[in-house]
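Visitor: Per TrEMBL, the feature domain 'UBC core' maps to 1-148. As annotated by TrEMBL, active site, glycyl thioester intermediate applies to C85. According to TrEMBL, the compositional bias 'Basic and acidic residues' annotation covers 139-148. Feature annotation from TrEMBL assigns region 'Disordered' to 139-184.
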Amino acid sequence: MSSPSRRREMDMMNLMMSDYKLEMTSDEIGEFIVEFHGPKDSPYEGGIWKVHVELPDSYPYRSPSIGFMTKIFHPNIDELSGSICVDVLNQTWSQASDLRNVFDSYLPQLLLDPNPEDPLNGDAASLLLKDKEQYEQKVREYTERYAKPDPPADVSSESDVSDIFSRGSSDDVDDDEVVGPADL
């Protein structure tokens, strides 16, 4: 096994053993989705984003390709594609960096300290430069609308239970269908 391949596996195992949830997207070990939580004390707090990660064959010598699958409002993240400004990651990446560092430090820092001078989302950059308070409100709106997990369904609520019992098994039977033995 070559060194980059071993390093890729070690970094993924390290990320899996941390608090991050990973979902494999293919049989290839270098492509997966990470569940990323917004930084505390920020307008992104409470949000959970799905982030697509693809590791190049030359990882760790080249940075991973990272993109938000969940919609996010940020000057350096394209709203439609979820792409992150590549220069930002490439400038800070070194072969000593690892995947855990991307999610523990790089992404939180990117969200906390946007650079409106090098935008992928011109609307977010413009709003941040004009009115930071309004920008943060828009970030909170996006977080609430797109990145909040759905509350789990509570099947024990009275209305759900009474609906189930009032329907009985008639939902499964067509009115014209004979259910039991025909009268002889």
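Backbone N, Cα and C atoms are what each Cβ position is placed from, and that goes for glycine too.
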Visitor: Taking residues 6+ outside the compositional bias 'Basic and acidic residues' (139-148), which of them lie with a CB under 8 Å of any CB in it?
Guide: 38, 43-49, 70-74
Visitor: Which residues does C85 (active site, glycyl thioester intermediate) neighbour through Cβ under 8 Å, counting only same-chain ones at least six apart?
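Guide: Spatial neighbours, sequence-distant, of C85 (active site, glycyl thioester intermediate): N76, I77, N115, D118, P119, L120.
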Visitor: Give me the mean pLDDT over the domain 'UBC core' (1-148), rounded to a whole number.
Guide: 91
Visitor: As a quick check of your reading of DSSP, tell me how many residues in the domain 'UBC core' (1-148) are helical, how many are strand and how many are coil.
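Guide: The breakdown for the domain 'UBC core' (1-148) reads 61 helix, 26 strand, 61 coil.
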